[in-house]
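What follows is a single structure, written as structure tokens, with notes after it.
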Amino acid sequence: MDTGLCVPLRGISGLLLLLCALPWAEGAKVLVLPMEGSQWLSMRDVVRELHARGHQTVVLASEVTVHIKGEDFFTLKTYAFPYTKEEYQQEILSDIEKTFKTQHFVKAFFETTASIRNFFDLYSNSCIALLHNKMLIQQLNSSFFDVILTDPIFPCGAVLAKYLQIPAVFILRSLSCGIEYEATQCPNPSSYIPNLLTRLSDHMDFLQRVQNMLYYLVLKYICRLSITPYESLASELLQREVSLVEVLSHASVWLFRGDFVLDYPRPIMPNMVFIGGINCVTKKPLSQEFEAYVNASGEHGIVVFSLGSMVSEIPEKKAMEIAEALGRIPQTVLWRYTGTRPSNLAKNTILVKWLPQNDLLGHPKTRAFITHSGSHGIYEGICNGVPMVMMPLFGDQMDNAKRMETRGAGVTLNVLEMTADDLENALKTVINNKSYKENIMRLSSLHKDRPIEPLDLAVFWVEYVMRHKGAPHLRPAAHDLTWYQYHSLDVIGFLLAIVLTVVFIVFKCCAYGCRKCFGGKGRVKKSHKSKTH
């Protein structure tokens, strides 16, 4: 009997092939230990996408967290922190306030060193509070997570992954002393790869290479002081002596928030993946408020001004200098600022507590971007093709600014020393000199010419690690070598010993031959002369 449900055999075969071609997916469990600030924004996008693909995500943060809030696409777990929320915020803000103080180089260096140590002390105490919470650790251990996603600048996640024997994926911009290259066994020659905080390019003269080497040694010393608490904690948990390099080398994949449009070309390892621009999302329509600001700017357009999520207030004197400079340009300026309103603020400058930075940068009327040179802001500027005036404040921001300036896509100002004239001239330069717009558009084109979006690439590698229970096949054998084996010093010594031995034997043979040939004649002549006498 014909029921009308007959399907041609060819159709069934096609359906089966289609089903077989679909990627096999099973919801996995992801534990996330994020870092505060803009670092969380990138990780948050990855977490959201993992949730959309059916994975369960638990985000572990301290109870005094400032930026990490509970959302519907992950479960937020908090742990006790040895500071109150007010003390925690004060610790962070006090270091930021120091960036606006003019100091002698030596004093600034020691204060920066102290700030780095305070930063590590703050988070190492947080790590101790977390890892000594036996009940929480037992809960995490019994939850059978498939992967830990963490930023190794807060090494607690790496220590926890090593302790629980869970595959780890790191997402980061960089670490303070190049320890990421030791942990991945990635070559890092100081001859053409500038170290963090040096503000050097990849083309260095002799004195700059000396400076680069000295910076490396100083950062190594600071790092040694700063990471000791984590090494002690890891050794206590694992019940054996362990270095932080060994703990970090446990990572299956390293996701670096950079690419070679911004960063200088360098060697990489198989488990190093570059996801620069992961925060560049599709431009959304502006709200009525901001659309009105943009439309009112007329033919001159707008300038977007933001110093990032960590800085929204600056000293009054400096704010007035900035306000004076902004009032001299014809563009409308949208300035994210929550401090006291400068008394000389011009009519063309609008203060806002928050602004949709990426959406504004993507608007065709945006002429320039004043930024602190954080990697998120830099990449949003690159993605949207907006030339920049950069005011780096701390950390890798100086290096990011140097890279963009080297590529002719922006102008860098020293926020401590600049005057209103300096800022005015910088803005007019990047707006009126067409080469800056052309260079940033070229960088934007290079950055966007890729086979896969950075967010999809990041999620792929997280799922890859979960599917295969890690990625040990990407781990180089260099991890198993001693320092002298890595540099082949034992081989060089062995070959040198052979060469020296051969040279010694040849020398002895020649000396023996000479004695036989010439020494005998000399004795005969001497004997003959004696007989004559």
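Glycine too: its Cβ is placed from the backbone N, Cα and C atoms.
So that you can see what the record holds, here are the features copied from Swiss-Prot:
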- 1-27: signal peptide (SIGNAL)
- Asn141: N-linked glycosylation site (CARBOHYD)
- Asn295: N-linked glycosylation site (CARBOHYD)
- Asn433: N-linked glycosylation site (CARBOHYD)
- 491-511: transmembrane segment (TRANSMEM)
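Other Cβ atoms within 10 Å of the Cβ of Asn141 (N-linked glycosylation site), summed over all protein chains shown, number 14. All protein chains shown were included, and the count of other CB atoms within 10 Å of the CB of Asn295 (N-linked glycosylation site) stands at 12. In three-state terms derived from DSSP, Asn295 (N-linked glycosylation site) belongs to a helical segment. For the pair formed by Asn141 (N-linked glycosylation site) and Asn295 (N-linked glycosylation site), distance between Cα atoms is given as 55 Å, rounded to the nearest Å. With respect to their backbone Cα atoms, Asn433 (N-linked glycosylation site) and Asn295 (N-linked glycosylation site) stand 24 Å from each other. DSSP gives Asn433 (N-linked glycosylation site) a coil state; it is part of no helix or strand.
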